[in-house]
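Enquirer: Mind looking over this structure? Questions follow.
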Amino acid sequence: MRVLGIDPGLRNMGWGVIDVSGTRLAHVANGICHSDSGDLAHRLLSLHGQLTDVLARFQPDTAAVEHTFVNKDGVATLKLGQARGIALLVPAQAGLAVGEYAPNAVKKTVVGVGHAAKEQIQHMVRLHLPGVHLAGPDAADALAVAICHAHHVQSSGRLEAALARAAR
């Protein structure tokens, strides 16, 4: 299974692709979609195009997006929400199921602590994916989202299999 993780952002949208085979994880690629300053519509269009290119290039089977947090600046929160909309839309347009995870759930899954620092996330991503060269903190966060999604998909698959066996 190939998983695309996305860390939404208006200026820098991180993405990371991993392959999952049983309990084995393998890094495929990671990067950042950038949008320069300018009007919001063109920035969102740029992110849409870049993320569409990532999907076309790496052909993931499923995707996951991190929830955004609400900060004190309402305008910034709304803009971030619009970028998150692009992060949800592009994989959905490609016909993929899209998982969504709270930042604390991602950190808990990858680091073991729900309030981990960015450095801890990067360290654990490197441990889970040996040899990975991170394109930046946003790409590391996106890979962490992909790892979290892989873990949850595997867990739910095991649960469904156990329930099916129990129902026989």
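Keep in mind that glycine also has a Cβ here, set from the backbone N, Cα and C atoms.
Keep in mind that what you see is a predicted model, and the values were worked out from it rather than measured.
So Swiss-Prot has the following annotated:
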ACT_SITE  D7  active site
ACT_SITE  E66  active site
ACT_SITE  D138  active site
BINDING   D7, D138  Mg(2+) 1 binding site
BINDING   E66  Mg(2+) 2 binding site
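How about a rundown of where these features are and what they're close to?
Expert: In the three-state DSSP assignment, the secondary structure recorded for D7 (active site) is strand.
Every protein chain shown contributes to the tally, and the Cβ of E66 (active site) ends up with 25 other Cβ atoms within 10 Å. A strand conformation is recorded for E66 (active site) in the three-state DSSP classification.
With a 10 A radius on its CB, D138 (active site) counts 25 other CB atoms from all the protein chains.
Every protein chain considered, the tally of other Cβ atoms within 10 Å of the Cβ of D7 (active site) stands at 27.
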Enquirer: Quick one: Cα separation, D138 (active site) versus D7 (active site), in Å?
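Expert: If we compare the Cα positions of D138 (active site) and D7 (active site), the gap is 6 Å.
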Enquirer: Measure from the CA atom of D7 (active site) to the CA atom of E66 (active site) and give the result in Å, rounded to a whole number.
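Expert: On Cα coordinates alone, these residues lie 6 Å apart.
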